[in-house]
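As written in TrEMBL, here are the features:
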DOMAIN    B:5-167  domain 'CSC1/OSCA1-like N-terminal transmembrane'
DOMAIN    B:188-343  domain 'CSC1/OSCA1-like cytosolic'
DOMAIN    B:356-621  domain 'CSC1/OSCA1-like 7TM region'
TRANSMEM  B:6-27  transmembrane segment
TRANSMEM  B:97-116  transmembrane segment
TRANSMEM  B:146-165  transmembrane segment
TRANSMEM  B:353-376  transmembrane segment
TRANSMEM  B:388-410  transmembrane segment
TRANSMEM  B:417-437  transmembrane segment
TRANSMEM  B:449-469  transmembrane segment
TRANSMEM  B:481-500  transmembrane segment
TRANSMEM  B:548-580  transmembrane segment
TRANSMEM  B:601-622  transmembrane segment
TRANSMEM  B:628-647  transmembrane segment
2 protein chains.
Amino acid sequence: MILSALLTSVGINLGLCFLFFTLYSILRKQPGNAEVYAPRLVAEGKSQQSSNFNLERLLPSAGWVTRAWRPSEAELLSTSGLDAVVFMRIFIFSARVFTFAVIVGIFILLPINYMGKQLSLDFLDLPNKSLESFTISNVDDGSNRLWIHFSAVYIFTAVVCYLLYFEYDYISSKRVSYFYSSKPHPHQFTILVRSIPASSGRSYSETVERFFSEYYPATYLSHWVVRRASKLQGLIKNSKRLYRRLVNLKSANHDRERFGRAGFMGLFGERVDLLDHYEKKLEDIEDNVRAEQSSCLGKEVGAAFVSFRTRFAAASAIHMQQGVNPTQWVTEPAPDPEDVYWPFFSASFLKRWISNLVVVVACILLTVLFLIPVLIVQGLTHLEQLEIWFPFLKGLLRIAFVSQVITGYLPSLVLQLFLYVVPSIMIMFSSIQGYIAMSQIEKSACIKVLWFTIWNIFFANVLSGSALYRVEIFLEPKNIPAVLAVAVPGQATFFIAYVVTSGWTSTSSELFQLSTLVFNFIKRNICRKYDDEFEVPSVPYHSEIPRILLFGLLGITYFFLAPLILPFLLVYYCLGYLIYRNQLLNVYAPKYETDGKLWPIVHDSMIFSLILMHVIAIGIFGLKKLPLASSLTVPLPILTLVFNSYCRRRFLPMFKSYSVESLLKKDKEEQNDPTIASFHERLATAYQDPALLHGGYSGNSGNSASIIAPLLSTAEVDA
Amino acid sequence: MILSALLTSVGINLGLCFLFFTLYSILRKQPGNAEVYAPRLVAEGKSQQSSNFNLERLLPSAGWVTRAWRPSEAELLSTSGLDAVVFMRIFIFSARVFTFAVIVGIFILLPINYMGKQLSLDFLDLPNKSLESFTISNVDDGSNRLWIHFSAVYIFTAVVCYLLYFEYDYISSKRVSYFYSSKPHPHQFTILVRSIPASSGRSYSETVERFFSEYYPATYLSHWVVRRASKLQGLIKNSKRLYRRLVNLKSANHDRERFGRAGFMGLFGERVDLLDHYEKKLEDIEDNVRAEQSSCLGKEVGAAFVSFRTRFAAASAIHMQQGVNPTQWVTEPAPDPEDVYWPFFSASFLKRWISNLVVVVACILLTVLFLIPVLIVQGLTHLEQLEIWFPFLKGLLRIAFVSQVITGYLPSLVLQLFLYVVPSIMIMFSSIQGYIAMSQIEKSACIKVLWFTIWNIFFANVLSGSALYRVEIFLEPKNIPAVLAVAVPGQATFFIAYVVTSGWTSTSSELFQLSTLVFNFIKRNICRKYDDEFEVPSVPYHSEIPRILLFGLLGITYFFLAPLILPFLLVYYCLGYLIYRNQLLNVYAPKYETDGKLWPIVHDSMIFSLILMHVIAIGIFGLKKLPLASSLTVPLPILTLVFNSYCRRRFLPMFKSYSVESLLKKDKEEQNDPTIASFHERLATAYQDPALLHGGYSGNSGNSASIIAPLLSTAEVDA
């Protein structure tokens, strides 16, 4: 790639970004799009858009930028929770790292690379200069100037480590103060006990009661045994869907739509009054629900939520092995009631252990072999193949422009589609693994997606060749530096372009929310559904964080190889900071909290990036015939690992659990609080399955009048 | 090596063993050797040997065998503690494993190997048959008979895993029942807190008192801040030595010895009455001790032993992070007061972390590079070198027999000497690492010595070549099976001889206790010291267990390669079982307990041996041109690791700490025990440094009469 080509690409993508910004600033002012661009404000009732038409609505403006910039971190914390703050700290931290990197890289390393003569490309003028001449490949072999790169690697590592330490310290103290300022939450007082041993002639509930009132007589409060309620949940889902359809039918108010066929998909069977038909059906289901609810109460599972009087008692029960057999009475912190995720719940220790193993294997296979099916599908999208499948397109496909677009875009579209489903697959894996909370599942999926991304985007591009070839490289650790030193600089220009195209554009499209916009448009104008119950989305950390961290990895590894990548990354992080702040304030609302537990993932990823840079540096200096520098780099990864191991001892425990000091401080504060008694009462029922509490839409009396009454009233309000 | 040579070697070593047994059975009956062969009985006052001469004393007998055989495991548990039982279980477990291995190996695999024609050695008669023809190397390449070896590997692994599971289960239940039957021990109620934060204007003692009475008001009992007492300990050591010398002087009762020179080593200075001189000196030191003791009380260190009213409270304090900063208020279980080891005690988190790192590095270096200094020293012991150093030996060294013995034995003597000091070095490493208890140090040293042994005896013999070459092999994991498959079978005959010579002889010399015997003889007959205070030794687990486990590793890896090794191993384990039982009953007394925590080391070592066997099998089947068998072996190590990971979840937590159920059961039992109040009182002072409690030999009054009085009385008793 030559410099002018890069500049063209930058220009195009800058243009795209501005287009997105302009469109966003116009579209967000249209009242119909409030649910797309400010669902959070709509849900909170803060959306102050008048539906009156005025000219200002059609003019682009940059007011959202200042509004996104203005709130302090404390305000962000109070509105979006600690996870959002931690998420924004990734941008702040990365911006700091790359500000330093830009200064060193652009003002010191870049001129040195450019002055080299290794690639002997100096007959070209600047715009036609290959980007290679800005990389370390252009420095002469054995040149003493490489010592500047060597020092830069050392200094950069020191700076990143200092910033990492500072950030870890900052976030862990934030976590503690967030805990101190929190109101009493059920999950702070509750533990989840699994693998309760079955004892003959006694229900699980009695066993739990007996065990905990014997061993924690002073602090044990109550318990709630988990019930197998998947059938009930299915029934309730059905009744909900029917209820929605009834609401729609009422609100449509067309007699034409009121009559239809009762059979499959409304196509078969006799014509009936759908309103009557659905009402009857809903009633049937609700009867079933009530029958199932009472039978469910008997279907106990060997797991229970056990609540204690104090946070300290709950924490001490979590940390100690309860039963003599460590595979029984397994305790873990309970998630918040809204955070509990039931579908794959399993009480048995052995079952969970096996599913854990299976998931680990599946995850490794998916990560390593992911590109194989992608390549097969990409092979199927060749022009000839398309012509055979869709003969009527033959004329169209023969047009040069169309064929170029298809051959150019289709393979990458296939890859994008495959990549798009990976986070959901990882979420599924993590939920099978036996996590009980959505937040735990998301955290675990985040780690999986991160490794997946690093392997399938970084290593797959760097080490071209079959998946097995890439795995084999890592089976011969001795050769890794040499292999990487040859392969990584070769992909510098690709990754510069990647940052500009994928990084910049994905961030601005995050602002623009194309898919939600289209979906919303279709729903309103074609399906004519005016659903009151729209859901405010939460940030999909498990797909966003790995992407942001991948760019960090690129920046750190290419810092001394191809410093030209750094300014583009800095722009990416600044853009990201602004845009995600805006989104957090307007779009996303937190559904559950991990209380900042995502930071250790960021920290580990940064350490991995540093080590990768060091390994490449060892290889590069060897390749550049400066073996002394190569050997002198060897202590650097070791020192970094030592630093990391210190951080793990110093900070990681604070992200795992709270200290006795913190727990008892909170407990003592509430000792004389009169509201704590009522909170304790509420604890007893906090963890009941919502399915068991479902009261039904048709009311308990069960007559059809009570169904129609609320429906009519909502229809009237809508009108 | 040919069969007849092996048989000769077996014969010689059998002869040596019988010689040792005969000598032992005679020498142990001599009253002067009671301190060597039954120090435990002597210390317990159970030694029933008459000093009257009778003929029976000179006749060898086998009575000790039945006496060693007779006691049940329960009796052994009550006299020697759980660690001794666990130690004996290693022999029982290994004997079971190798009984099965012998049946399969000798009756199935050996004939198959022998019938092979690969090595075409069948022109020799049986006695001259090379031992190679009994190994897998003799089976024809690609022969279907190798499938029998393949099945043997699978079945053997299954049997070993079953036995491992059974044994883990057995020992963990023993551990729990041992805990249930234990009397209240101070260490069960106490924790060690390190890294107590210094607060201005308050002593550590006050900080601890304030912290624990605030956070554990109901259960906190007392604390004892650790003092820096190394100077005091030195002084007390001196006073103890002087006191001993005084005792000796008194008991000798010779006027000739009573006068001597007061200067360096009794060679210089004026002649004085030594009795007076020493008495005065002792008094001076004792004065210093008292002064130091009172000053020591002020020298507090940021660490304390904190005692609680119940075991449960102590355990819960261990398991939870106390302070907000995880590097402060670091808690760990306190060792038994007699088990505490002070010299390298460090309260600071950072210091311990760094010394830990340093020790890990030092330990790896020692293990990997150990053979380099050995080889250098061995090089120096060549005959020519000796002739240059000791010219007067020239004539002697020229005699063929002498030179053969020297060239044959000196290098192995050098190796043995170096190996002899390794366990002590590892003990030193572990104590620097910051363990506070002798038992923890021993356990950690045991692991270090085990890896050292496996690397420097197994791998150094198998993979001949420089240390760096051996390390490099493990840096290319892909080639390991092939390299091992070539190298390991080649050393089969060496290791068979090793089991017979080193294994059998070392075990019988353990019975014979040559060094203690010689030391005791010199002490009694040459130095004429009759020291009352002789110490009963405890089993040096850290040097014994690794040796026993190495033989297990040899047996498991050579099981299908060279089954001829198996009967010799079985004999070794049976011998060892008898001899160590005898030693535990007569010689060794437990000084401290790890409560069976050594078993997980044994388990891990066995799993490692199995995996090593699988890796070799993968390589061998590939080498023998049976690639299908090679691929089908791959799942085996994975299954074994899965099995191991299950065992780690199922049993390992039981070896780390006791469950709430067990702790509270013990606590409740003692609730109404009237003696527990006095036990609580004793807890307050249980962890005082013995140096601070030292009352002095000269009594508190400090006049010399009080020194001489006890001395005289002991001298009179001796006479």
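Note: Cβ is positioned from N, Cα and C throughout, glycine not excepted.
Curation plays no part in TrEMBL annotations; they are all automatic predictions.
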Checklist entry - Do the transmembrane segment (B:601-622) and the transmembrane segment (B:146-165) share at least 3 Cβ pairs closer than 8 Å, excluding pairs fewer than 6 residues apart in sequence? => result yes
Checklist entry - Would the transmembrane segment (B:353-376) count as touching the transmembrane segment (B:628-647), i.e. at least 3 C-beta pairs under 8 angstroms with sequence separation of 6+? => result no
Item to check | Predicted model, mean pLDDT over the domain 'CSC1/OSCA1-like 7TM region' (B:356-621) | outcome: 84
Checklist entry - So which residues does the transmembrane segment (B:146-165) touch in its own chain, when a touch means Cβ under 8 Å and the partner is 6 or more beyond its ends? => result 93, 96-97, 100-101, 104-105, 108-109, 112, 136, 139, 556, 559-560, 603, 606-607, 610, 613-614, 617, 621, 624, 626, 629, 632-633, 636, 639-640, 643, 647
Checklist entry - Does the transmembrane segment (B:353-376) reach the transmembrane segment (B:548-580), going by 3 or more CB pairs under 8 Å (6 or more apart in sequence)? => result no
Next on the checklist: If I count Cβ-Cβ pairs under 8 A between the transmembrane segment (B:548-580) and each of B:6-27, B:97-116, B:388-410, B:449-469, B:481-500, which range comes out on top?
Outcome noted: B:97-116
Checklist entry - What same-chain residues lie close to the transmembrane segment (B:481-500): Cβ under 8 Å, and 6 or more beyond its ends? => result 1, 6, 9-10, 13, 131-132, 135-137, 461-464, 473, 551, 554, 557-558, 561-562, 564-565, 568-569, 572, 612, 615-616, 618-620, 622-623
Next on the checklist: With Cβ-Cβ distances below 8 Å as the criterion, list the same-chain residues six or more beyond the ends of the transmembrane segment (B:449-469) that contact it, or say none.
Outcome noted: 366-372, 419, 422-423, 426, 483-484, 487-488, 490-491, 494-495, 542-543, 545-547, 549-550, 553-554, 557, 601, 605, 608
